[in-house]
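Copied over from TrEMBL:
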- B:1-343: domain 'Aminoacyl-transfer RNA synthetases class-II family profile' (DOMAIN)
- B:80, B:81, B:82, B:109, B:123, B:127, B:267: L-histidine binding site (BINDING)
């Protein structure tokens, strides 16, 4: 069958598109209040960039759409907004640091399709480059809390620090070669449960003593930062100091209710170097992540190939498709015309001209030129809750007048268009 | 070299992105005043849809990016917003006709790159399905005229009717097999000149008599509709009647200055069935098209495979990249924070918290936490024309107060944050 959408892709229109756009506006407004600068990076990218070892890593590259152009260049569709951002910073040394950007755009992943997870989907990202932290981390948490507050979605933001987790793993005998792989497994606790994690750890062929230490670790009663740093005697380690500093800020900013430390969170991507975040629905009606991010200090410098410039960077991404899964049933009213203009007889040209004048005056105007019976047209207008109708018959047209019907007041007057515009605007303002 | 953009693709940020977004907002505002409904169709599409004989035709398919997914499905990136729109209508019989949509989104073409012509670029389309015309054609001309008026770009919209052109070609001995191919050549007059067109016509191996008749035709002195329909005695033909009806409407709507009839215009795409448009810079400083479109009555019905339902459709597309080429040097001011908050000493947490309160009150707020010297920070704020600075030292923090500097009035007061917000908002409103 020719007519079908590609698996995992959807068209949006009507109420759904309106709600999507409103959600994007809310996010954009918050991003701009927080003084982030808008960006629109390329969707097509050099394959080498997307598969570079500093980029997303094997897991994500497997799901990348690849293509070639007529010049046989190897390209890929972006799978996130992070690598393209790193590219923009690397390519534009004139950008003054610290730099804060936001971007709302589509990304593509050829992966499993489920609720809130599509193959072509919208991400909304903010990133700060040039601040070592933890102020930048805390500011992104503020952005997330403010944005979801405005969206009226209760969230829990879980956070961790990869260095700290790495230090704990070391203390449990995990070698540096095994570290990333073990982290990726621990990250799945929510998804596959403790048993699933243990099974996967065993399958990795770690030293049995290490596996049993890790099994004990994930079943620990008290997984607080204080308990763990004390238990492993790493209170003064680099990771511990970072966690401590950010926790202090979170407490002072009174973000501690929404932002909870989780020592087993690590996020799938290999490029994170410090703090990682993941945002969840606090009401737990929706279990997938609503967004996430983290610090990736190493990528830009490595892409640029200059070890002498520091590009400490931290970002957070909001997933539009997950957010929509949570709010899609909210009532929303498609914008309606303020006034509908109707011809009676051969007055279509006058109707079109009248409509253009109304529109250039900032009045959203509909046309009813479908040649239905007048009564039908009027009842359709009434059903939509549209208040004003302008009828133009040949008599009115010849006299340079229009017939203004107020469907609410049930009045009808013959006036000039200027007079009608005044009345419509007066009534609109008195409603606002 | 790893770090480069794909040929014909660009990243946008800073002033350029701001100007692009403002331009999109202007277009979107006009589209909504004209009562079009927003849409966001898929970028990935089934290859079969994009290459279907009812779609864009060979010329455009050559420039399509193709790819496969892991399930080995054959896909393509959309090369315009028209075919995806036709798909949405075909797939959603519940959409009530007439239906008016707008869409602003990226499309992809692997073609030659030049000024205003990229490989990944933004189009802004409006389409009306369910109106046979010519009111729909005229309404789209109104949209174009209003939109470019608001953008302050002087335009000439050239228009024609493919049926009418086809009738003239028939009268000149062009067979129906040759018609489309001859049209595509005539369409290049502006690009390759009369001589180029004649050369291309000869290369097509038409009957020499036909070629010489066409050569005469394109060099005709009077290319008005009246002259041509009279000369070829086709005043009552289908094409002539359509041209006449639309011309009448254009005159009555006083669009005749901006909208000029051009009997040799035909547009590259094969799917147009009646009216075609193309928009040009009236000042002729930029020679590429700023947009175009036309009537494509056949596509949707054929995609649906139902001959019993009529889907008369007409659309017009605005090319963001061409528009940007014309307006990119306009002065524009990047949005600046209304106020910048600065820590003095160890008050970063108070600064972050203060900033969050300002932001949740709708005040765009910047942070200056780069640890530069205070004097440097202040002069950078002043250079950007930002009026307010909030300084928070440890004394202020302990007292629950902030220090508000008004850079314009050169005053400095120690007040509560609530008081500062009141003052900032008062000054902002008195500026507006």
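Including glycine, each Cβ sits where the backbone N, Cα and C put it.
Here the features listed in TrEMBL are painted onto the structure.
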residue: B:81; record: L-histidine binding site; Cβ contacts under 8 Å, 6 or more apart: B:41, B:103, B:105, B:107, B:123, B:125, B:317
residue: B:109; record: L-histidine binding site; Cβ contacts under 8 Å, 6 or more apart: B:60, B:63, B:64, B:79, B:119, B:121
residue: B:127; record: L-histidine binding site; Cβ contacts under 8 Å, 6 or more apart: B:82, B:85, B:100, B:101, B:102, B:313, B:314, B:315, B:316
residue: B:267; record: L-histidine binding site; Cβ contacts under 8 Å, 6 or more apart: B:187, B:276, B:277, B:278, B:292, B:294
Taken over the domain 'Aminoacyl-transfer RNA synthetases class-II family profile' (B:1-343), the model's mean pLDDT: 93
Residue B:109 (L-histidine binding site): secondary structure state under DSSP, collapsed to three categories: coil
Binding-site residues satisfying Cβ distance under 8 Å to any chain A Cβ, from B:81, B:82, B:109, B:127: none
Binding residues B:80, B:81, B:82, B:109, B:123, B:127, B:267 (L-histidine) - maximum C-alpha distance in whole Å: 21
Which listed residue (B:82, B:123) has most other Cβ within 10 Å, given these are binding-site residues: B:82
Residue B:80 (L-histidine binding site): tally of other CB atoms within 10 A of its CB: 19
Collapsed DSSP category at residue B:127 (L-histidine binding site): strand
